[in-house]
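Grabbed the feature section from TrEMBL, which reads as follows:
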- 43-242: domain 'TLC' (DOMAIN)
- 6-26: transmembrane segment (TRANSMEM)
- 47-70: transmembrane segment (TRANSMEM)
- 90-107: transmembrane segment (TRANSMEM)
- 114-131: transmembrane segment (TRANSMEM)
- 174-192: transmembrane segment (TRANSMEM)
């Protein structure tokens, strides 16, 4: 194993244990101090709450992703080449995705079959990025989707007693719908346009059959689920805004929390 491959392996393993530590130790410790309401949650809700360490992962790899997209000319000029920065970023994500295997241990709390399929499809594609250094531009572009995670993780407003028509819930609902659309749906034409431009070229045939399957099939699989989730988020956002519109101006919230 060459030195760089060893480094990528170390980054992936370190990422795995870091997110396990954040989930089991850091999140519970910080949550009790930041929000006293954490202690009143059920065991299932605490597991769901602690799983929001994905926000840290999303911000870390998302910022790294933008840097590569705007400043790494090698990746943008050769979407099928072997990059260094992309492999490093994907290694962090791979460790994080593998750490999510704890979903099977806490299946009753956070288990979701579409969530599992989504992450397995991503890991399958990332194998070719890390193992064979292929498809860096597309792997990095996919990581833009992580910017939607922080808003998705704010579901606990309702758990803490804020009604759907409260300002925090409404603001987060709108932000989640907008950001999710921008980084997962609106970017599809750009992504598939670049894929079409590469398809059939010499660079395309340098990618082995398995890599092409990982690239094309995983992309389609992920985007089908993104469209499904976008539909659910849009409906949820509409219901929240409609509920707020129907509430009487100045009427007190059911638990007194308005912002």
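Placed from the backbone N, Cα and C atoms, the Cβ positions cover glycine too.
Each of these features: where is it, how hidden is it, and who are its neighbours?
Packing against the transmembrane segment (174-192) from elsewhere in the chain are residues 138, 141-142, 144-148, 151-152, 154, 219, 223, 226-227, 229-230, 233-234, 237, 241: each is 6 or more residues past its ends and has a CB under 8 Å from a CB in it.
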Summarise the model's confidence over the domain 'TLC' (43-242) as a mean pLDDT value.
84
